[in-house]
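Asks: Take this structure first; my questions come after.
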Amino acid sequence: MSTSSTPSAKPMAEMAAEFGLKPAEYDVVLKRLGREPNLVELGVFSVMWSEHCSYKSSKNQLKKFPIDGPRVICGPGENAGVIDIGDGDAIIFKMESHNHPSYIEPYQGAATGVGGIMRDVFTMGARPIALLNALRFGDPSHPKTKRLVDGVVAGIAGYGNCVGVPTVAGETNFHKGYNGNILVNAMCVGLAKADSIFYSAAPGPGLAVVYFGSKTGRDGIHGATMSSAEFSEDSEEKRPTVQVGDPFAEKLLIEATLELMATGAVAAIQDMGAAGLTSSSVEMAGKGGVGIELNMDMVPQRETGMSAYEMMLSESQERMLAVLKPGREQDGHAIFEKWGLDAAVIGYTTDTGRLVLKHHGETVCDVPLAPLFDDAPLYDRPWVQPALQPRLDPAAVPAPTNWNEAVLKIIGCPDMASKRWLWEQYDRHVMADTLEDSATGCDAGIVRIHGTGKAIAVTSDCTPRYVQADPYEGGKQAVAEAWRNLTAAGALPIAITDNLNFGSPEKPETMGQIVRATDGMAEACRALDFPVVSGNVSLYNETNGVAIPPTPTVGGVGLLEDYDLRTGFGNVAEGDTLVLVGETRGELGASIYLREILGREDGAPPPVDLALERKTGDFVRGLISSGLVAGVHDLSDGGLLVAAADVALASKIGVTLNATSQTHAHAYLLGEDQARYLIATPDPDAVLEAAKEAGVHANVAGVAGGEAFASDGLFSVSLDALRAAHEAWLPGYMSAPKA
């Protein structure tokens with residue numbers, strides 16, 4: 001067997017370290033093989049054992065999540081999660097990160113993040129119908145932030161718009177904690193038939209392995225390894241590890257894949273994502289309990305002279321690997337030719353249980369699959385309990401000295417300001433099934449199931465400052481807010497995907513954040529019957545030893561049996577009464593008010609009472625079904641004040657809040673207590689009576705009408721001033737000349 005595919009003068013142990021393998025891990029490789037690996041084999045082991053592919057530091061924590069439910073068809077372990085929405089239909093969805101690539105090369109990093117998550121979904125037989133994104137950028141004053149925002153947003157828009165899938169929801173935050181490591185989490189939702197789901201396990205030996213899609217180039221080599229390491233000042237030199245996307249090729253790939261599936265020729269299928277051809281071939285064979293032999297000479301190549309090492313580790317985009325049923329190769333050939341895709345039979349499944357690669361007539365890799373697929377190192381890393389912040393007494397937190405100025409500053413700060421500049425670049429209505437999106441005043445994006453009266457609601461949520469202050473409560477809150485947003489839109493929450501973004505798990509403090517945040521998430525999922533069906537873990541998000549704020553992002557999916565019963569907060573009318581549903585203690589710890597007005601980032605986050613969360617949410621869904629409400633908005637960042645301002649802006653109507661009777665008006669208006677909703681109704685007596693009967697706290701909070709946003713005796717700003725403050729920041733920031 002050839003000992004090398006790409007010549008190297010360095011000892012293998014030194015190369016292993018450069019590839020991200022620890023000395024102890026390399027020793028395990030030697031033990032598994034009984035010899036020293038060659039460069040191709042070392043590359044294969046390094047990417048499959050990377051954090052990005054193996055989940056070696058997080059797998060033990062992920063076992064805590066509930067993954068089953070009456071609607072779950074397929075949970076974690078496949079390319080995406082699958083849930084049954086009735087009438088023979090299924091929703092397939094997943095969220096995934098492209099953090100490191102997007103920091104190094106923002107346009108391509110973000111664009112290929114969108115492309116990659118779509119492939120995870122259509123690989124399982126679904127047509128993508130919605131995209132979401134959760135973006136975290138550094139402080140606006142940081143010299144790189146504006147360029148990163150511009151590139152990431154353009155990349156998301158450029159890819160999603162060209163493929164023709166609407167971007168319907170998302171969230172965007174700014175904080176200095178992301179200065180050296182931004183987060184780009186992309187989510188895709190697809191629609192499939194429940195009896196036509198495709199999986200990745202190769203069903204037996206002797207079957208043709210077909211490569212189709214774009215040619216393989218040298219872009220993205222060791223991308224998975226790069227995404228499993230922390231950054232330094234030299235990280236921008238890693239641009240060659242960032243993949244380059246072609247959305248038009250992706251569109252062709254979607255159509256060809258779905259057409260191929262419809263012929264019945266597909267036995268197993270897998271997209272080529274992180275670790276490229278290595279990961280796809282190893283996973284298909286490993287899950288099926290078979291071996292696989294590939295002839296690298298047959299791989300379609302974009303560049304001349306590529307080695308087997310380069311072809312196996314390339315992360316060139318828009319590529320698929322399929323195992324076809326016996327004798328069906330010609331069916332595939334005709335479809336690939338129709339759609340203008342490169343394609344070739346590059347190998348066969350075997351009964352050896354080994355990964356064998358041949359190139360130019362030589363065997364350049366011959367290793368057992370088991371250590372690659374299901375025997376990667378698994379770590380139960382040491383951790384320490386995160387230091388927690390004390391609860392802030394509302395009486396000890398100063399009220400604004402100038403309420404009008406405070407209102408405008410809060411509503412216009414980077415996190416609260418309108419993101420219109422951003423989402424107007426996304427095509428939100430392509431496919432013509434979007435009912436609610438970022439522009440309409442709704443707590444979730446809503447997309448109808450074409451040809452039915454049903455719709456799905458989708459949302460993305462996390463409050464990193466809560467997780468920083470208390471990972472356990474912050475983890476609970478991320479799940480609870482997703483559940484609450486879907487409820488406020490009129491949907492029944494069904495399941496979640498997640499994207500766990502943290503620093504280095506080798507640091508006990510960071511590992512403590514991971515452990516406690518996932519504890520909280522798991523508890524919330526169980527209490528709310530909100531199973532985790534897919535997800536992604538992104539670790540080593542730190543630069544020069546400084547970690548990002550812990551950011552476990554949750555993507556939630558809910559079902560509306562009748563989309564005419566959807567709710568938002570953009571149609572509140574003159575004279576509607578605003579009823580606050582849920583209990584208010586005035587929790588100001590880790591709040592927007594504390595940070596933006598008082599310049600503080602301290603205090604315990606609002607605790608999440610999951611029993612109360614469920615009771616209140618179930619009550620609100622019942623109210624929506626009864627037809628008593630004109631609008632619903634959940635309370636989160638900025639509390640009642642921001643929720644009411646959102647209503648005023650979306651409905652283009654004034655709002656007057658009643659707060660003068662409160663002991664601590666600033667805590668009542670700006671506290672961020674959980675399990676609360678703002679209900680607009682023409683019949684407040686009926687709502688209050690229903691709440692009393694259900695044992696749910698509710699009180700009249702204000703009234704809609706006029707042309708001002710006000711609270712008697714505290715503040716009054718015109719709608720025009722409120723809108724100007726809300727809309728001004730982001731376009732002003734992006735258009736300002738460099739300092």
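From the backbone N, Cα and C atoms, a Cβ is placed for every residue, glycine too.
OK, Swiss-Prot features for this one:
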type	residues	note
ACT_SITE	HIS52	active site
BINDING	TYR55, LYS94, ASP498, GLY535	ATP binding site
BINDING	GLU96, ASN536	Mg(2+) 1 binding site
BINDING	SER97, HIS98, ASN99, HIS100, ARG119, GLN243, GLU315, SER316, GLN317, SER538	substrate binding site
ACT_SITE	HIS98	active site, proton acceptor
BINDING	ASP120, ASP271	Mg(2+) 2 binding site
Asks: So among HIS52, TYR55, ASP271, GLU315, GLY535, all listed as recorded positions, which is physically nearest to GLU96 (Mg(2+) 1 binding site)? Use the C-alpha atoms.
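Replies: Among HIS52, TYR55, ASP271, GLU315, GLY535, GLY535.
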Asks: Of the recorded positions HIS52, TYR55, ASP271, ASP498, which sits closest to ARG119 (substrate binding site) by Cα distance?
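Replies: Going through HIS52, TYR55, ASP271, ASP498 one by one, the closest to ARG119 (substrate binding site) is ASP271.
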Asks: Could you measure between ASP271 (Mg(2+) 2 binding site) and GLY535 (ATP binding site) for me? Cα positions, answer in whole angstrom.
Replies: 16
Asks: Taking the Cβ of GLN317 (substrate binding site) as the reference point, list residues of the same chain whose Cβ is under 8 angstroms away and which are at least six residues distant in sequence.
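Replies: Those within reach of GLN317 (substrate binding site), by Cβ under 8 Å and sequence separation of 6 or more, are THR112, GLY115, GLY116, SER214, ASP219, GLY220, GLN243, VAL244, GLY245, ASP246, ALA249, GLU250.
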Asks: When you look at TYR55, LYS94, ASP498, GLY535, which the record names as binding ATP, what is the longest CA to CA distance in angstrom?
Replies: 16
Asks: Using Cα coordinates, what distance in whole Å links HIS52 (active site) and GLU315 (substrate binding site)?
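Replies: For HIS52 (active site) versus GLU315 (substrate binding site), the Cα atoms are 13 Å apart.
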Asks: Among the binding-site residues SER97, ASP120, GLU315, whose Cα is within 10 A of the Cα of ASN536 (Mg(2+) 1 binding site)?
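Replies: Matched binding-site residues: SER97, sequence order.
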Asks: Compute the C-alpha separation of GLU315 (substrate binding site) from HIS98 (active site, proton acceptor), stating it in Å without decimals.
Replies: 13
Asks: In which DSSP state, out of helix, strand and coil, do we find ARG119 (substrate binding site)?
Replies: helix
